[in-house]
Structure formats: C-alpha cells, structure tokens
Amino acid sequence: MLQEPSAAFSLRRNSFRRRSPRSNVDDRGWNPLHIKARKGDLKSVKQLLDQGMDVNALAWGPKSKGVSALHLAAEGGHIEVMDLLLERGANIDAKTWGSCGWTPLHAAAKERKREAVKFLVENGAFLADDITDTRFNPPVHYCHGLEWAYEEMKKLNSESSSSSGGDTSSSSDN
C-alpha cells in the first residue's frame with residue numbers, strides 16, 4: 001500500500017520535469033527565472049535565459065501582481081543578475097500592477113539596496129518626482145525607503161553633470 005503513493009509521486013515528479021520550464025510556477029506565481037533571480041543565482045539565470053525563458057515574464061500570484069525577475073533581483077541587490085537581465089532585454093521601468101505600480105528601482109529602494117539603486121539609475125531607470133499611481137499617491141507613500149532613492153538619484157545626477165560640465169564660462173562671454 002505504501003508503494004502506490006510512492007509510485008504516484010514518482011510519476012507526478014517525472015511528468016513535472018518533462019514540462020517546459022516556462023510553465024512551472026509556484027504558489028506566488030513565480031517561475032524558475034523569478035526564483036533564481038531573487039536568490040541571485042547568476043549561473044541558473046543564464047541557463048534559463050539560454051533555454052528561452054522570457055526575461056520580461058511577469059509573476060501573477062496573490063502578492064505578486066506583475067513582478068518581473070528584474071524586480072526580484074533588484075529587491076535582493078543582485079547586481080550581476082540585474083546586469084544580465086538588462087543585457088537580455090529586461091524592461092528597467094517595468095511596473096507592477098495594482099495601486100503601487102512599483103518599478104525595480106522602487107523594489108531596490110524599499111530594501112535599501114544602495115548599489116542596486118545606483119546601478120539602476122546609472123542604467124537609465126526613471127523615477128520622476130511626480131510619478132503617481134491610480135490613487136494619485138507617489139511611490140513614497142507606499143515605500144518609506146523611497147526618499148533615499150530620490151536622494152541617491154539627485155546625487156548621481158549632480159555628479160554626472162559636474163563631471164561633464166567642465167567649462168561653463170562660454171555662455172557668459174561678452
């Protein structure tokens with residue numbers, strides 16, 4: 001009698017393995033790419049992308065409405081994984097669904113992953129002061145760590161403008 005459940009489990013496990021990795025999702029709606037990106041497993045993320053997983057696939061679970069692998073890598077502060085995902089075409093400004101509309105930059109800021117925020121801003125992530133959600137609340141309303149992201153972005157912008165500004169006297173010449 002113990003052999004029947006064991007055999008049934010073995011059959012289910014083997015049939016699960018035969019399915020395409022694109023169809024495997026957990027109770028959060030995460031596929032293997034989401035899971036490996038959140039863990040920061042660069043080798044596995046590369047393998048999954050090489051096997052054809054969609055770099056912009058979104059998770060659809062009770063608490064994962066539109067979360068991408070880039071959101072999860074940013075949340076974990078996994079720079080190398082984020083770099084690979086962007087290299088493969090991940091949307092740097094992908095927004096989650098629902099009232100928040102968080103981008104990967106929001107996710108990194110919420111977890112106070114300074115290097116991830118810096119990396120995203122340097123790679124073109126957009127975070128305007130006037131972004132609002134469907135309730136007209138700015139992201140800072142939902143994420144107490146976001147004030148820091150705005151400060152980091154301003155700091156990076158001022159550093160880049162001061163390094164590229166060089167000679168400003170040409171406009172004041174008479």
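Using N, Cα and C of the backbone, Cβ positions are placed for all residues, glycine too.
Annotation source Swiss-Prot lists compositional bias 'Low complexity' at 1-13.
The feature phosphoserine is assigned by Swiss-Prot to SER15, with experimental evidence given as support.
Taken from Swiss-Prot, the feature region 'Disordered' covers 1-29.
Marked as repeat 'ANK 1' by Swiss-Prot on the basis of sequence analysis: 28-57. Beyond its flanks by at least six residues, the repeat 'ANK 1' (28-57) meets 21-22, 63-64, 67-70, 72-73, 75-78, 80-81, 84-85, 88-91, 94 of its own chain at Cβ-Cβ distances under 8 Å.
Under the heading repeat 'ANK 2', Swiss-Prot lists 65-94. Residues belonging to the repeat 'ANK 2' (65-94) score a mean pLDDT of 96 in the model.
According to Swiss-Prot, the feature repeat 'ANK 3' maps to 100-129.
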